[in-house]
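Novice: Here's the feature list from TrEMBL:
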ACT_SITE  Asp105  active site
ACT_SITE  Asp119  active site
TRANSMEM  38-65  transmembrane segment
TRANSMEM  72-89  transmembrane segment
TRANSMEM  109-134  transmembrane segment
Amino acid sequence: MLATDIATKTWAVQSLSTDPISLLGGALVLTERRNPGAAFGLGTSLTPLLAAVAIVAVIMLAVAARRPHSRPVAVALGLALGGAAGNLADRLLRSPGPMRGHVVDWIDIGSWPTFNLADSALMIALVCGASIALRTARRSTP
């Protein structure tokens, strides 16, 4: 996930910054945007704090992923770790500088905020985690 996210963001920066690609009659536009904030453009003035939180999250996810309880948990943790690490790489390595870098978003589907593959992985991991938690709760309820 991490390698794919980095590769697609590199492609987006090199190919889409001046020449967006419109697909499906404009319903999907591939365009390069920089996001200093969190999901949905929130917290644009909190970039260093978001980077610090991402560092902690990546460490915690890496520790948890070492011994997952099941295959579905391993998948959810892998997606979350890859997504968090992908966006953290931007915060650490992209302009305007370390701990202040802006995340590259490049998938625009109109009314939804522009996002990237790391964001998608994080959302899928969240849905997987919620599903696992609900199934576990149902099994343990008498």
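Every residue, even glycine, has its Cβ placed from backbone N, Cα and C.
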Novice: To the nearest whole angstrom, state the Cα distance for the pair Asp119 (active site) and Asp105 (active site).
Specialist: 9
Novice: Go through the chain and flag residues at least 6 beyond the ends of the transmembrane segment (109-134) whose CB is under 8 A from any CB in it; none is fine as an answer.
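Specialist: Distal contacts: 1, 4-5, 8-9, 12, 26-29, 31, 33, 35, 39-41, 70, 72-73, 75-77, 79-80, 82-87, 103.
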Novice: Near Asp105 (active site), which residues of its chain come within a Cβ-Cβ distance under 8 Å, counting only those 6 or more away in sequence?
Specialist: Glu32, Arg33, Arg34, Asn35, Pro113, Thr114, Phe115, Asn116, Asp119
